[in-house]
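Sharing the record's features from TrEMBL:
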- 1-31: signal peptide (SIGNAL)
- 53-132: disulfide bond (DISULFID)
- 80: site 'Transition state stabilizer' (SITE)
- 86-91: disulfide bond (DISULFID)
- 221: heme b binding site (BINDING)
């Protein structure tokens with residue numbers, strides 16, 4: 001559950017506004033669209049649910065706005081969930097699948113141990129199932145929620161209201177939920193904070209993403225906060241001489257060590 005806090009928005013750096021557009025383009029360019037392996041493809045379009053569940057995006061928007069109002073840091077986990085979903089098998093919702101006795105799912109892979117905001121997605125799914133049973137895919141919920149989280153990162157949320165300017169961009173919907181979720185694929189595909197630049201370039205290139213895309217997507221982490229283990233190795237004994245990573249600003253490294 002989120003702890004109630006003052007409604008102070010996270011200000012989003014301009015390059016990060018391109019993040020989800022890049023994600024959507026990458027999944028389409030990579031060939032598996034957003035459907036999950038083995039599922040029949042269908043064309044994504046804006047307003048996919050206009051007849052079957054016309055209030056779908058409004059329901060997602062309302063619950064995301066409430067979560068961000070209660071905890072202004074909630075934007076980042078929703079954005080990160082969508083990224084971790086898309087980077088493994090395309091945007092198919094497989095990051096939400098639970099592990100079974102015979103299979104460890106993506107959710108339980110080491111790179112995903114720090115994922116959060118599953119409760120927000122659960123709340124959205126529950127609300128949509130009451131309104132339109134068996135209609136809106138989890139994959140689409142992740143995509144819409146991430147868009148709304150980014151939009152809210154640029155606006156003040158007041159009393160659960162929505163920004164006057166609306167959303168930053170439209171989300172094409174119609175994704176089908178993937179049926180396969182394997183932890184080993186998440187480990188293999190997701191970028192690691194300790195990956196060198198060459199390895200990162202290779203990982204992103206495998207998704208048809210350029211070095212520019214790499215910079216934009218990596219910069220998106222500025223919307224939230226980092227976990228200590230992702231930076232600790234760079235602060236002490238980086239070369240076995242009690243020093244920090246020389247690529248870090250010295251004063252900044254000293255502040256992080258405190």
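Cβ atoms are placed via backbone N, Cα and C, with glycine included.
Remember, predicted model here, so these are calculated numbers, not experimental data.
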Do you know offhand how many angstrom separate residue 53 (disulfide bond) and residue 91 (disulfide bond) by C-alpha?
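Between the Cα atoms of residue 53 (disulfide bond) and residue 91 (disulfide bond), the distance comes to 21 Å.
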Please state whether DSSP places residue 80 (site 'Transition state stabilizer') in a helix, a strand or coil.
helix
Note down the number of other Cβ atoms within 10 Å of the Cβ of residue 132 (disulfide bond), including every protein chain shown.
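Excluding its own Cβ, the number within 10 Å is 16.
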Of all the disulfide-bonded residues given, 86, 91, which residue's CB has the most CB neighbours within 10 A?
91
Please state whether DSSP places residue 86 (disulfide bond) in a helix, a strand or coil.
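DSSP call for residue 86 (disulfide bond): helix.
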Roughly how many angstrom lie between the C-alpha atoms of residue 86 (disulfide bond) and residue 132 (disulfide bond)?
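Residue 86 (disulfide bond) and residue 132 (disulfide bond) have their Cα atoms 25 Å apart.
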From the Cα of residue 91 (disulfide bond) across to the Cα of residue 132 (disulfide bond), what is the distance in angstrom?
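Counting only the Cα atoms, the answer is 22 Å.
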